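K.L.:
My questions will all concern the structure given below.
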């Protein structure tokens, strides 16, 4: 019975992290209202002994495992960032891989006759936290968006004659300055809300659904029944990892040229292929489609049909009328401008609506909780298990003086270092950002605890527009992009830390070991992510709108900064009217979903997801929908087996295909080309 209960609470595939993440209905339904999830965590605890001291939760083998898992996922998410810009949350997958690595290590030592330290849920939690902190830098460090938007190629793509895109307003990527920038901005968020952790987790009892889901998964692993369950998942992961890796290896032999290989297979005919409608055999995106909700995947497909199936062919027919026929379609004054700015309109409409909604919800819940606290004072007595969790959570305190002094010290370093890297970024911009960071971080962390939506990218976009307009024409683009990264990093890490604290609270893990693991993982990420980025940047044609490595959000963010400087004068002819329409559609779609009954509202497409294919193309949306179709069919055939195995199989597909990128990039750097080109042409 207990095993069945745990299986029902097994976290569903995690949500897709778009610029604003939308929580999955399936995930929220199983985790809403912390009581049931916490009960599941308690039942899974089993044994009931005292947790090990915080120093024993941080182990050398755990840090090595964190480094391996974090580095592997950094490569995977960097590939996703530089192709479509869409990265699914991989926390559940990381927890599974951490368990696989360390359980395999302890079992191997036992077979060799060596006594190994027991592998506890606390160590598993610390390893997962450290690994996620490491690859989160690759996800949110701006390598496919605001930092890449600073390079010369994106500057040229935005139009050298575009108003606001002034000559010299670019900075080529460099390992040294990127590492320094990440180190300067990534740690302050760790310290901003440490003194409020008890308030957020214990007093307000915020659910943090992703953190709770990870805790339930980890607790489930560390039970007698969990071993059998984990063994099935490990076998599924290993099988599909190997299949995905060798399929990618096989494809490489046929990709020796432009538009060659299985990734350019005209599945629906050459006419559809010209409009990017084909299946490109990318198992990474098939796996991502298995993790993401059906609504996200269908929204992607709808956006692809609307843009590449209808709008772009129609606008192309107006060449010479709406825009000059003498300029290439890649110019921002041509078709590319419509693609970029309409995508921006959808992103801004969706982001602004969700920003206002979450802030309003946060204020309302803070007000309601303060009234309930006074009304119910003394009525509810915590159960024994909750008291035990609370005691562990408050035992190993992080001194407030250390958090405050660390925050001030890091602020001082950033105020000096960031203007030295970017002369357009004045020191007082940095001071203002760091003064506002605790308040913004609290709002974001509180909203994430209620809804599982991390609004950091929207705070960053608001900072981008404000700083771009404030800095003016000569410095606005660079100041806006850098300020966006600064605010986004400060706000995002605070919410991530609270998710981790929730996981630690439910697995009886010391908060001191959690924050140390987060700090170590952040250091790893600040070093590994720039190195990983440069591996891709040196080996592949990053930012080519006609190639595989489009990195679409670099151009999107630069165009946002240009809009902040110049306003609507930067738009091509009739583009403003289209942008108004799509901005209004994004707001209306969100309102409809929130106001309609759930059985109708859940079918309303997500504007953020619809906007991504506008720049990237339709092929990856088809991959994602194939992943959705696999999950849908599997649930019809065997629902309980699908709930158990989908995360493991999807992780195997993503990791196998993603890991092949490492040898492929080394072959490209060594100037070793594939021996064959498989291409298709019409018989006419």
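Including glycine, each Cβ sits where the backbone N, Cα and C put it.
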K.L.:
Identify the transmembrane segment range according to Swiss-Prot, selecting from 274-294, 295-315, 316-336.
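P.N.:
Residues 295-315 are the ones Swiss-Prot records as transmembrane segment.
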K.L.:
When Swiss-Prot marks a stretch as transmembrane segment, which of 130-150, 151-171, 487-507 is it?
P.N.:
130-150
K.L.:
Choose the correct range: of 378-398, 462-482, which one does Swiss-Prot annotate as transmembrane segment? Give that range.
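P.N.:
Comparing 378-398, 462-482 with Swiss-Prot, transmembrane segment matches 462-482.
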K.L.:
Have a look at 16-36, 37-57, 58-78 and point to the one annotated transmembrane segment in Swiss-Prot.
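P.N.:
Swiss-Prot lists transmembrane segment for residues 58-78.
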K.L.:
Does the transmembrane segment (174-194) reach the transmembrane segment (402-422), going by 3 or more CB pairs under 8 Å (6 or more apart in sequence)?
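P.N.:
Contact between the transmembrane segment (402-422) and the transmembrane segment (174-194): present, because at least 3 Cβ pairs are under 8 Å.
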K.L.:
Look at every Cβ pair spanning the transmembrane segment (612-632) and the transmembrane segment (462-482), keep those 6 or more apart in sequence, and say whether at least 3 of them are under 8 Å.
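P.N.:
No, these stretches are not in contact.
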K.L.:
Are the transmembrane segment (295-315) and the transmembrane segment (130-150) near each other by the rule of at least 3 C-beta pairs under 8 angstroms (pairs 6 or more apart)?
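P.N.:
Answer no, regions not in contact.
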K.L.:
Cβ under 8 Å to the transmembrane segment (568-588), counting only same-chain residues 6 or more beyond its ends: which ones?
P.N.:
162-164, 322-323, 332-334, 337-338, 341-342, 344-346, 348-350, 352-353, 559, 562, 607-608
K.L.:
Under an 8 Å Cβ to Cβ limit, what residues of the same chain, 6 or more beyond the ends of the transmembrane segment (58-78), are close to it?
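P.N.:
Apart from its flanks, the transmembrane segment (58-78) reaches 87, 90, 93-94, 97-98, 101-102, 105, 117, 123, 126-127, 130-135, 137-139, 143-144, 284, 513, 516-517, 520-521, 524-525, 528-529, 532-533, 536, 654-655, 658-659, 661-662.
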K.L.:
Give the nonlocal contacts of the transmembrane segment (642-662) in its own chain as ranges (CB under 8 Å, at least six residues past its ends).
P.N.:
7, 10-13, 72, 75-76, 79-80, 90, 92-93, 96-97, 229, 232-234, 236-249, 252, 282-284, 286-288, 290-291, 535-536, 627, 631, 634-635
